[in-house]
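A.B. asks: Straight from TrEMBL, here's the annotation block:
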DOMAIN    2-80  domain 'Threonine synthase N-terminal'
DOMAIN    104-419  domain 'Tryptophan synthase beta chain-like PALP'
MOD_RES   Lys113  N6-(pyridoxal phosphate)lysine
Amino acid sequence: MRFVDTRGNLPKGVSFTKAVLDGLAPGGGLFVPESVPALSLQQICDLADLSYAQRAAQVYRAFRIDLDDALVDELCARAYGDNFDDERIVPLVKVEDGIHVIELWHGPTSAFKDMALQCLPLFFTASAQRQASDGRNAGRRFILVATSGDTGKAALAGFANVEGVDVGVLYPDGGVSDIQFKQMATQTGDNVAVWGVSGNFDDCQTGAKAVFADADFARQLENRHGVSLSSANSINWGRLMPQIVYYLSAYAQMVREGTIAPGDPVDVCVPTGNFGNILAAYYAKTMGAPLRLLMCASNENRVLCDFINTGLYDISNRPFVKTPTPSMDILVSSNLERQLFELTDRDPAAIASWMSDLRENRAFRVDRDTFTRVREHFRADSVGNDECLDVIRSVHERCGYLLDPHTAVAYRVAERLRDPDVPVIVASTAHWAKFGDNVYRALHGMRSGEDLPADIASLTGCQLNALVAHEANASAVPAGLASLDDTPIRFTEVIEGATADIEQAISAYLSGKQV
Ligand SMILES: *Cc1c(COP(=O)(O)O)cnc(C)c1O
């Protein structure tokens, strides 16, 4: 299988291992497989006989990637083993009649980013070894990640102690929660670095992009340290592919449990930001899973919801709103480009022209045929900040199940858009204890953004979570989150966000390692 790019610069395509190592295609396009493999209904249902790791390996095999089957088996077993706190890896939970939740947060950082970032680093290293055995450059890589919270920790946990790789994370100083800060600052491993940046998430991202674009710095890293820079953000195909697995797996599981008969339709509802998770559902559908509607759930930053309902993607006059769901706060949703490529029957000229409209006019509108295709597969709705907290409280009261704010957004959209005759799978993307302050507000009937009472505000994130778990009669907070107050902080350095400051920090880190 070759991987081609959405802007048509690599008509012959590249191998899987090269697509994983490069991340982005020359010219800014994203890699997609030259064709999407099909599984029969029987093959999909048979996944239920396998462990989750074996299900993943089966899906990887279907894509005929350029790594040996035995190696793929081994990497999947390592990615989805006892690093997860539930042996089912992705439990499927019926919350109420017709609404089933897939819990994507049983990995080490309690967020769904683990589904991809426990897997990608292993495939990244294997890809580097594969390329080296073919005589291509296989020097060390430095993975630079800018994060608003979840991705940084998941990348650190995934790449820690992985051979041939160092990982450095930039987060906005003062802009992440106590839990998120401690998750990153306590990260162990001798190949990791974490820097706070004075400024907001945009400053971190702009800084990181400028470092990637600096050819002189790249040469300097290569000459002095034998290191090249890489990115692990969600445009990497190696992060997308692991996400296809859990939709196929959930369908097989529902058949196995007798919830549906083989071939019966199921809807999917996904809390969406960068469009990676819902795009994976689209690929699962294309591969043959009888998924009917893909529901895109937005928060108050509803650019995707508006696009799916109108065909116009418009950020020209759209303020960026703060919400209780920071991982969905987004204006430019990068994986939408892959989705449009697929829905135009792979028309790179159309993609290139819409992306250029977006750059120049901050908006683009798709043609009528493409919009018809969008509506064939997708529905969308958005949920306000206060309503989001309301959902957490009402589902907890009604069903005794505690949702994180991101999942709550999807839950409400599923309730609104669903057909009573078709079960819906809601993607649950974080454990509630990653966002304990807003869950506290929800359970106490407070509004989004309202100040917590002084005695609550003075608690650490761990203490607040323990209180919420007790009040809500919820099961224990995952160990990785519950132990943060007692784990030594390793990283406290705060740097300025200018290109030179970030480059200086990276150079100092690499020089320090060579002593
Ligand atoms: C990243 C993230 C999302 C958004 O997923 P996309 O693939 O970017 O659409 C939703 N919820 C949580 C908790 C996340 O971390």
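Cβ coordinates come from backbone N, Cα and C, glycine included.
TrEMBL does not curate its annotations; it predicts them automatically.
It should be emphasised that the depicted structure is a prediction, and the values quoted were computed from it without experimental measurement.
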A.B. asks: So what's the mean pLDDT when you look at the domain 'Tryptophan synthase beta chain-like PALP' (104-419)?
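C.D. replies: Result for the domain 'Tryptophan synthase beta chain-like PALP' (104-419): average pLDDT 93.
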A.B. asks: How do the residues of the domain 'Threonine synthase N-terminal' (2-80) split into helix, strand and coil according to DSSP?
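C.D. replies: Tallying H, G and I as helix, E and B as strand, the rest coil: 38 helix, 9 strand, 32 coil.
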A.B. asks: If I restrict to non-local contacts, at least six residues apart, and a C-beta distance under 8 angstroms, what lies near Lys113 (N6-(pyridoxal phosphate)lysine) in its own chain?
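C.D. replies: The list for Lys113 (N6-(pyridoxal phosphate)lysine) reads Asp150, Thr151, Ala154, Ala155, given in order along the sequence.
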